[in-house]
Amino acid sequence: MIRTLLLSALVAGALSCGYPTYEVEDDVSRVVGGQEATPNTWPWQVSLQVLSSGRWRHNCGGSLVANNWVLTAAHCLSNYQTYRVLLGAHSLSNPGAGSAAVQVSKLVVHQRWNSQNVGNGYDIALIKLASPVTLSKNIQTACLPPAGTILPRNYVCYVTGWGLLQTNGNSPDTLRQGRLLVVDYATCSSASWWGSSVKSSMVCAGGDGVTSSCNGDSGGPLNCRASNGQWQVHGIVSFGSSLGCNYPRKPSVFTRVSNYIDWINSVMARN
């Protein structure tokens with residue numbers, strides 16, 4: 001019981017998470033076409049990397065939610081790959097002092113995830129690190145929102161990651177950020193937007209044809225600032241349009257984290 005309560009406090013944001021050492025620059029930068037983020041402004045952002053031909057390569061993003069747990073998307077994971085997590089990095093080629101590369105001890109994918117039906121939802125997973133990381137100005141835990149929280153239309157959030165700078169484009173070496181406005185569920189699920197592909201367990205953001213997430217951003221956070229100034233991870237990058245990363249009326253779609261708080265707590269408590 002004590003362990004469960006402690007984990008609940010952590011993911012609810014009670015342990016000084018969500019306040020980066022360096023202030024986020026509030027501009028209209030974007031991931032697609034991209035603006036470089038200021039180093040260490042998103043200290044819970046991680047690079048999930050796979051071992052390929054003897055080298056570690058960026059595969060997906062993720063968010064550190066405890067000193068030994070990372071939150072990411074289920075579609076990022078496979079039982080046939082070897083993973084590690086890079087934390088505290090701004091440049092992937094030169095992570096520098098203050099970064100840490102940690103092996104993975106366990107992958108926990110939501111039991112209802114179906115890789116053949118992404119639109120069904122449940123695109124969420126937790127990664128247990130082989131050893132806890134030391135928190136610092138470069139490496140901090142993310143805050144998660146209270147269970148059931150629904151963001152209003154046009155709420156300002158940021159997507160972050162090392163995804164492609166444009167559809168079929170190059171991958172950046174340094175972390176990017178993109179300012180996105182939340183699209184309410186009624187609009188996003190309408191026929192001229194995403195239709196029935198979007199469920200109420202998801203969050204839509206963007207859709208202006210300019211700013212979006214892209215391949216390589218998957219699993220990373222949708223960061224939204226609460227009224228008290230605390231940054232919370234409200235979404236996990238899940239999917240976008242096959243027509244292009246920044247196609248009009250096809251906003252980036254995220255797993256809505258507030259729908260899975262109980263699941264997150266349960267997994268962390270059991271493992």
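Using the three backbone atoms N, Cα and C, a Cβ is placed for every residue, glycine included.
For 1-16, the entry in Swiss-Prot reads signal peptide.
For 31-269, the entry in Swiss-Prot reads domain 'Peptidase S1', with the evidence type sequence analysis.
Per Swiss-Prot, the feature disulfide bond maps to Cys60-Cys76 (among others). With a cut-off of 8 Å between CB atoms and residues at least 6 apart in sequence, the same chain places Leu48, Asn59, Cys60, Gly62, Ala125, Ser218, Gly219 near Cys76 (disulfide bond), listed in sequence order.
Annotation note: His75 (active site, charge relay system) sits in a helical segment as assigned by DSSP. Cβ environment of His75 (active site, charge relay system): Trp113, Ser115, Val118, Asp123, Ser218, Gly219, Ser238, Phe239 lie under 8 Å away, each six or more residues apart in the same chain. What Swiss-Prot records for His75 (among others) is active site, charge relay system, and it gives similarity to another entry as the kind of evidence.
Sequence annotations record features per position, and here Swiss-Prot assigns active site, charge relay system to Asp123 (among others) based on similarity to another entry. For Asp123 (active site, charge relay system), the number of other Cβ atoms no farther than 10 Å from its own Cβ, over all displayed protein chains, is 28.
For Cys157 (disulfide bond), the same-chain residues lying six or more positions away in sequence with a CB closer than 8 A to its CB are Leu151, Arg179, Leu180, Leu181, Val182, Ala205, Leu222, Asn223, Cys224, His234, Gly235. Here Swiss-Prot flags Cys157-Cys224 (among others) as disulfide bond, drawing on sequence analysis.
Among the features that Swiss-Prot reports, disulfide bond is placed at Cys188-Cys204 (among others), with the record citing sequence analysis. Spatially close to Cys204 (disulfide bond) yet at least six residues away along the chain are Val182, Val183, Asp184, Tyr185, Thr187, Cys188, Trp193, Trp194, Val198, Pro251, Ser252, Val253, Phe254, judged by Cβ distances under 8 angstroms. DSSP classifies Cys204 (disulfide bond) as strand under the three-state reduction.
Residues or ranges marked as disulfide bond in Swiss-Prot (evidence: sequence analysis): Cys214-Cys245 (among others).
DSSP assigns Ser218 (active site, charge relay system) to coil in the three-state reduction, outside any helix or strand. Among the features that Swiss-Prot reports, active site, charge relay system is placed at Ser218 (among others), with the record citing similarity to another entry.
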Lowest local Cβ density among Cys60, Cys188, which the record lists as disulfide-bonded residues, within 10 Å: Cys188
